[in-house]
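Here is the structure we will look at.
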Amino acid sequence: MSQRVRVRFAPSPTGGLHLGGVRTVLYNYLFARQHGGDFVLRIEDTDQTRFVPGAEAYILDCLKWCGLEPDESVVKPGAYGPYRQSERKEMYQQYAHRLVEQGDAYYAFDTPAELEAMREQYKTPENPSPTYNQQVRQHMRNSLNMELEAARELIAEGTPYVVRIKMPVDEVIGFTDMVRGEVNVHTSQVDDKVLLKADGMPTYHLAVVVDDYLMKITHAFRGEEWLSSAPVHLMLWKKLGWEDSMPAWAHLPLIMGPDGAKLSKRHGNKYGFPIFAMNWTDPVKNEFTEGFRERGFLPEAFVNLLALMGWNDGSGQEIFTLDEMVQRFSMERVHSAGAQFDFEKAKWYNHEWIKRSTAQRLLPEVQQVLAQHGITDCNEQVLLQVIDLVKERCTLLSDFYEQAGFFFQAPASIDTESIKGKWNEQKTLFFTELIRNYELTQLWQAADLEHAFKEIAAVNGLKPGELMLPFRIMLVGGKFGPAVFDIASIIGKEATIARIRRTLKELVPFSPEMAINLFETVAQVSENVFKHFNGKQVKDTELLSLILLRRLNSISISLSTLSSEVNNRFENEFGFGIIARAVLLDQLIVLNLVDIFTRGKEKKLPEEEIHKQLNYASKVRLADGLNQTLAYFTTVNQVKFYAISEPDQFIEKFTNKYKGFLSPDYDPNNGKSNKQPFLKAPFANDLFKETSLQPTLKGLLDVYEQYIYYSKYDHVSILTHELMSEGIFDRKKRINSISERMILHLHLTLYLLKETTPSDNYLNSLIDDFEHYHKSLVENF
C-alpha cells in the first residue's frame with residue numbers, strides 16, 4: 001500500500017465496552033501493526049443525551065488492559081485532532097449546509113407531533129414503523145416543499161430544524177466490502193437520515209464521514225449492524241466530492257449469544273457470564289455489569305479468544321500471542337457469518353494462557369487475588385514457587401485463592417465428611433505417629449516427608465494410597481491441590497503438624513475422662529513401687545529393674561487374659577501386638593531420657609534446662625505411649641479414643657483427680673516441683689534428678705541381669721543363654737558413648753520383641769526396622 005494505513009475505533013461514551021467493541025479494536029490494531037500504520041481512537045460523543053460520565057476514561061482503561069493502546073487519542077493527540085467529536089462541531093455544520101446548497105440535503109422543520117402523526121398515517125401491517133423516506137418527504141414540512149429563502153427565514157426566526165440527506169430515487173448503490181465482497185442496496189430501502197440535529201450537533205452519519213476524511217482514515221472496520229447505513233455514508237462521500245479518498249470498509253460479523261441472538265447484557269444476566277472487558281457501573285442508572293478482567297481473565301487470553309471469534313489463520317492453531325496475531329492476521333480470513341460466544345471455550349483459553357505464563361508474569365494478578373482475601377504478607381519467592389505448582393489447576397485467576405491460599409493461611413473449614421466413612425483407629429494412630437516423626441525430623445524437603453510417610457504407613461500395615469486423601473484434606477481442607485508433600489514442604493513443619501492435629505480433633509474428639517481412667521493404673525503402679533521401697537529413693541539399676549520386671553509379669557498376665565477373650569486369629573495377633581508395643585514404648589521412654597540427659601551434659605547445658613527437657617520429654621513419652629497402648633485396647637471394643645497432642649492436658653486432669661500421689665508443692669502450671677519431683681514414686685523421682693541419669697555399662701547390665709533373674713519363664717532362660725553366649729554381658733568392656741548404649745539397648749529389645757510377638761505383623765515390621773537400625777549403628781560405631 002503506497003498510502004500510509006490509518007484505522008480508527010470510534011466508540012460512543014455511553015457505557016461499558018462490549019466484547020464486539022473490543023474485537024473491533026483488536027482487528028483495527030492488528031491491521032495497523034501489520035502494515036506499519038496508525039491506530040486512532042476517536043470519541044464519538046455527538047449524542048449528548050446518551051453521554052455517561054466516566055465512560056471515556058473506562059474505554060481508555062480497557063484498551064490499556066488489553067494491550068491495544070492507540071497511537072492517537074484524546075490523551076495522546078496527533079496531527080488530526082481534536083479527537084472528541086463534540087470539539088469538532090463547527091467542522092460538521094459547514095459540510096451539512098454545503099450539502100443543502102448543492103441540493104443533496106434539505107432542512108426539515110417537522111415537530112415531534114408532526115413526525116408521530118406521519119408514522120400513524122403511513123403505518124400498515126406490512127410497514128409497522130414508517131420512516132422519513134423519499135415517499136414521505138414530499139408531504140412533510142421541509143425545504144423541498146418550500147422556497148429555500150422561506151426555509152432560511154424560518155431558520156433566522158429561530159424555528160427548530162434538522163438537516164436530512166436527500167437519498168436518490170430509484171438508484172442502486174454498491175461498494176466492495178473487505179469481508180462480504182460486493183454489496184448493493186436500492187435507494188428505496190434507505191430513508192433520509194438526519195445529518196445535523198436541532199442542537200447543531202451532527203449525527204453519526206455525517207460525523208463519521210467528515211472525520212474519516214479529515215483524519216485520512218484508509219480502512220474502516222465496524223460491526224455488521226452498521227451495514228444498513230453504508231449506502232448513506234457512501235452517498236455522503238460521493239456528494240462531498242471525496243469518493244476517491246473513501247476508506248475500504250469491512251463490516252465484521254456479529255457476536256451471537258448462546259440462543260443465536262446478538263450478544264447483549266441480557267445474555268450475561270441470563271447465563272451468568274461477563275460481556276464487558278472490565279467491570280462497569282453506570283453512574284446514572286447505578287447498574288453494575290461484570291467484566292472479564294474481574295472474573296479472572298488474563299488480557300492475553302481475552303484478546304486471543306476475541307481474535308478467533310470471526311477469524312482464523314487456517315492452520316488450526318488456537319493459542320496466539322499478540323505478535324503472532326500481527327504476523328498472521330488477514331481480512332481475507334475474517335468470516336462473514338456470526339460467531340457464537342461460548343463461555344466454556346473462553347475459560348479454556350484462559351486456562352491455557354495461565355498454564356503457559358511464567359510465575360513472574362502471573363505474580364501481580366495472584367497477589368491481587370490473595371489480597372482480596374486478606375493475604376497480603378506472602379514471601380514473594382515462596383509465592384512464585386506456589387504459582388508454578390498450582391497454575392495448571394487454575395482456569396480463572398480467582399482460582400488461585402482456592403488453589404494457593406491454603407499455603408499462606410489455614411483453610412477455613414475441613415472436609416471431614418470425605419474422610420469419616422473410611423476412618424478408623426489405625427489411621428488415627430498413623431497420623432499421631434506421623435506428627436511425632438515430623439516434629440523430630442530436621443529434613444523438610446518433599447522427598448524426605450514422603451519417605452517418612454510411606455515408612456510409617458508400612459509399619460502400620462497401611463497402604464499410602466488410602467492415607468493420601470486424608471492427608472491432603474488435612475492440609476488444604478478439600479480434595480484439591482498439587483502434590484501433597486510439596487504442599488507440606490512449603491507451608492512448613494509448624495503449619496503441617498497444626499493442620500493434622502486440627503483435623504484429628506474434628507474426626508475423633510478427645511475425651512479427658514478416658515485419659516483419667518488410664519492414669520488410674522499409672523497411679524496404682526506408682527503407689528505400689530513407692531511402698532515396695534518404703535518411701536525411699538532407689539538407684540537407677542533397682543528402679544529400672546523393677547519397671548522391666550513388672551512389665552514382663554504384666555505381659556504374661558495380659559496375654560493369658562486376652563487369649564480367653566479373643567475369638568479369631570486376627571484379634572489374637574492384635575492382642576500380641578498390644579503388649580509388645582507397650583514393652584517397646586516403655587523402653588523407648590527410658591532410652592529417650594538417657595539420650596536427652598547425655599546430650600545435655602555434653603553441651604554443658606544448665607541443670608535447670610536439662611531438668612526442663614527431661615520433665616517435658618518424660619511427660620510427652622508417657623502420655624503418648626499410654627494413649628497409643630490404650631487406643632489398641634479400646635479398638636477391640638470399638639471405643640473411640642484420640643491420642644493426645646498436648647501432654648499437659650493429661651497432667652492437669654491427673655492432678656485434679658489423684659492429688660494424693662503428687663508432691664505437696666507440685667505446681668501443675670510449670671510441670672515440676674522445687675523440692676520434690678512430679679510424683680511420689682521412685683520411677684518418677686529418678687527421672688527428674690539430674691544426678692540419677694548417668695547410666696554406665698554396669699548399670700544397664702545390672703538392669704537386664706535382674707530382669708532375667710527375676711523372671712521364671714522358660715523363654716527367658718533361653719534368652720539369657722543366647723545373650724551370655726554372644727558376650728553381651730562382658731563386664732570388661734566399657735561402653736561410654738550414647739551410640740554404644742543405644743546399640744546395646746536395641747539388641748536386647750530385639751530379643752524381647754521376637755520372643756513375645758511371633759505372629760504380629762505390625763511388630764514384625766518394627767523388628768525389621770530395629771534390626772536395620774541396629775546394623776547401621778554397629779557399622780558406624
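Using the three backbone atoms N, Cα and C, a Cβ is placed for every residue, glycine included.
In TrEMBL, the annotation motif ''KMSKS' region' applies to 262-266, one of the ranges 32-36, 87-91, 262-266, 462-466. TrEMBL assigns the feature motif ''HIGH' region' to residues 11-21, out of the candidate ranges 11-21, 44-54, 418-428.
In the structure as shown, the Cβ atom of LYS265 (ATP binding site) sits within 10 Å of 16 other Cβ atoms. Across the motif ''HIGH' region' (11-21), the prediction's mean pLDDT works out to 93.
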